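Novice: For reference, the structure I am asking about is given below.
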Amino acid sequence: MIEITNVSECEALAKERLPKMVYDYYASGAEDQWTLKENRLAFSRILFRPRILIDVSKIDITTSVLGSKISMPIMIAPTAMQKMAHPEGELATTRAAASAGTIMTLSSWATSSVEEVASTGPGIRFFQLYVYKDRNIVTQLVKRAESAGFKAIALTVDTPRLGRREADIKNRFTLPSFLTLKNFEGLDIGKLDKTNDSGLASYVAGQVDRSLSWKDVQWLQTITKLPILVKGVMTAEDTRLAIQAGAAGIVVSNHGARQLDYVPATISCLEEVVKAAEGRVPVFLDGGVRRGTDVFKALALGASGVFIGRPVLFSLAVDGEAGVRKVLQMLHDEFELTMALSGCCSLGEITRNHIVTDWDLPHPLPRL
C-alpha cells in the first residue's frame, strides 16, 4: 500500500474503494458547493507570523474540554452512517479516538448504538443530537447517552430541513439494506427508504422538527445534566442567544458545507463568534481542517479546539481503525511542528499576533 503522508491523500484512496453513492454522500456539499471549496480555501488566506529563537524543546499540546483532559485540541466530529465506510464503522472510530486520547462525537444517525460505542471501553464521548418531532424519542436518546457515560450533547441547530445535496438526489441516496440507524432500532419511527430523490432528505422532512427554537435548548437542560454544545452557530447574534439560552459551548459549523451554500467558511466566521462569546463559553470549529497548520490558525483566532469529520470517514474507508489512528497522529504531529516553528510551547502561547489574515490587510482601492 502506498504510504499516506497527509490527511488529504486519504480522500483519493477512499474514492477508489467506496461505492459511488457512499463516496458522494460523504464528500459532497450543498448546491454549487461554493462553501465546500471555501471551507478549505479560507484557511489558505491566513498566513503565519512566526516568532524565532524561542526554546521549543518541550511542547505541550494537551488541553481540556468541558472538564475532560485530552491529548490535543483535535477531536472527532459527528458523521453519520460510518459502517458504509467500513464494517466496524463507529466502533473503529471510537477505539481510534480513545487510543489517541481525544473525544469522539457519535452521530444520532450512527450505524452503531450509544451502548455499543460505550462497550468498546474507556474514552471520552459526546453525543450529537437531532431533535425529532416526537420529543419522547429525544428524551430517550439523551437519557441513553447519559447512562452510557457520554459527557456532553452536541445539539445540531442548522438542520430544520436538509440542505440540497445534488449528488444524493442523482444517486437516490439511501442507507444500504444491511445497515440500520442503530439508535432508533425498536423505536416506532419512519425508515430511511429509497425514494425518487434523496432518501435522507425525505426522512428528515418526516422526522426532524422544523419548529426547533431557543426555547428547546432550554427544555433540553430540563431533561439532562449534561452540558450542551450548540453546533451550527455562525454569527455574533446567535452566539449571544446561545449563551443566554444556557449553552456550555459553541461549535462554529456550517455542517461541512452541506446545508446553506454561500455561507462563509467557518474559519472566516470564527473571530466574530469568539468576540461575541467574550470568554464566557469555549468556542470550537469544524469544517475544512486538513492540516496541523489549520488547527493552529483556528486556535490563533480564539478557538478552544477543532473537530474533524470527512478525514475520519475517508481514513476509516482506507484502513479502518488504523486509518483513523493514522489521521489523528498526522494532525497531532503536524500541529506540534507548527507550534515549534511558530515559537509556541503551549496552547496558551498561541496568539492572534501569530497570524495575519486577509481581513487584517488594508484593502487596496479597486481599479476602475
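Cβ coordinates are placed from backbone N, Cα and C, and glycine is handled just like the others.
Residues or ranges marked as active site, proton acceptor by TrEMBL: HIS255. As annotated by TrEMBL, glyoxylate binding site applies to TYR25, ARG165, HIS255. Here TrEMBL flags 78-80, SER107, GLN128, TYR130, THR156, LYS231, SER253, ARG258, 286-290, 309-310 as FMN binding site. What TrEMBL lists as domain 'FMN hydroxy acid dehydrogenase' is 1-360.
Can you walk me through where each of these features ends up in the structure?
Specialist: Here HIS255 (active site, proton acceptor) comes close to THR156, ASP158, THR159, GLY163, GLY232: these same-chain residues lie at least six apart in sequence, with C-beta atoms under 8 angstroms from its C-beta.
Note on PRO78 (FMN binding site): other Cβ atoms within 10 Å of its Cβ, all shown chains, come to 26.
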Novice: Do me a favour and check the Cα-Cα span between SER107 (FMN binding site) and TYR25 (glyoxylate binding site); whole Å is fine.
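Specialist: TYR25 (glyoxylate binding site) has its Cα 15 Å from the Cα of SER107 (FMN binding site).
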Novice: Setting TYR25, ARG165, HIS255 aside, what same-chain residues sit with their Cβ within 8 Å of the center of the Cβ atoms that define the glyoxylate site, listed in sequence order?
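Specialist: In sequence order, the nearby non-listed residues are SER28, GLY29, ALA30, LEU162, GLY163, ASP168, LEU200, GLY256, ARG258.
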Novice: If you measure PRO78 (FMN binding site) to TYR25 (glyoxylate binding site) at Cα, how many Å is it?
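Specialist: Just about 15 Å between their Cα atoms.
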Novice: Would you count the other CB atoms within 10 A of the CB of TYR25 (glyoxylate binding site), including those on all shown protein chains?
Specialist: 24
